[in-house]
Amino acid sequence: MAEELQTYLLEHFQWLHRHPELALKEYETTNYVKNVLKQTEGVELLNLGLDTGALAKIEGKEPGGVVAIRADIDALPILEESGLSYSSENDGCMHACGHDFHTTALLGVAKLLGGEREHIKGTVILLFQPAEEAEHGGEKVVNTGMFEKYKIEKIFGLHTKQNMPVGTIAIAPGPFSAAVDRFLYTVKGMGCHGSAPQTGLDPIPAAARLVGSLQEIVSRRISPTETAVISVTRFTSGTSWNIIPETARLEGTVRTFNPKVREQIVKLMQAQAEGLEREGYQVEFTWIPGCPATNNDANLAELVRKEAMEEGFHVTLQHPEMGGEDFSCYQELVPGAFFHVGTGGKYPAHNSKFTVDPAALFGASKLMSEIVKKALKAS
């Protein structure tokens, strides 16, 4: 059974890896996943209500709880240099974050649980989410109303981890990944000749001071027991060497775990803008909220830990990470648990040489299947 399923998974994994697609453009991937699900015993396709992505269910013999599993399906705008025999056939697009692995593992769950539905009490929802890397896919799924429509009670998900060996998972209760927000400042002064700065109002020194003062928010205004990051990642101004420009623009990201700290930082960043305005500048501050922090339910995290140990995995403690994961959108609605599964590999995610070891596929599918069965029994 294990060898047969691993062969099945490898076939689908290699196809998905060869055909990566960007966020909200996963049309070929969506059709492929739906066709596989249609041919899988015990699986019923549902309407997700989005142009890309897929939704399906496995109805157990007896009524019971409803548990969902999510996999993301989109890829990244990267030219693949992995050297794999099944490398991307779509130039400039690559599965460099393991979403092909996640999708394949969930197809494996469908195969396993579809054949066991006579022994399942309750319903399993299989969610193949589009647009995790960009375009707010998790939020779009939430807005379809599927959680309310299908009365989902719990949700699980996993992510590959290249610096963990196959046969290892990392899980912990509480924070898993940070909230991801974006900000922009436009500082407007008055342009003038570079030889006569006194005749204008130079926005560049003001914006440069703003960069420094933003770092003081974390070091001096946020409790040392909290974790936060404010990074300015873009600073643009000017068009010529002898013209003091009219405007300067800053852009960057904020990462937090605590919602109260997140709110506090927004207010403090707005106050920085108001301070420059008192000097005579016109300042526009824009806050673009992203996904909230991923926060694992303690009981479900413990369920994952115990089941992983029973399946022979080496379990390590997951430390909170400052990267984002829109699985958190679902945890705003229902309890959930998200964990890392070791897939080996030399290069980090989002690298053109990123690879995962397909040998981890069977274990991931089997583990997820057992987790869901235990979660349904506990409902």
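Just so it is clear, glycine is given a Cβ too, placed from its N, Cα and C backbone atoms.
The Mn(2+) binding site annotation in TrEMBL covers Cys97, His99, Glu133, His159, His350. In the three-state DSSP assignment, the secondary structure recorded for His159 (Mn(2+) binding site) is strand. Sequence-distant neighbours of His159 (Mn(2+) binding site) (same chain, 6+ apart, CB under 8 A from its CB) are Gly98, His102, Glu325, Phe338, Phe339, His340, Val341.
In this model, the domain 'Peptidase M20 dimerisation' (186-274) carries an average pLDDT of 98. If you look up TrEMBL, you'll see 186-274 marked as domain 'Peptidase M20 dimerisation'.
Its Cβ taken as reference, His350 (Mn(2+) binding site) is surrounded by 13 other Cβ atoms within 10 Å in the chains shown. DSSP labels the residues of the domain 'Peptidase M20 dimerisation' (186-274) in these numbers: 38 helix, 29 strand, 22 coil. Its Cβ taken as reference, His99 (Mn(2+) binding site) is surrounded by 26 other Cβ atoms within 10 Å in the chains shown.
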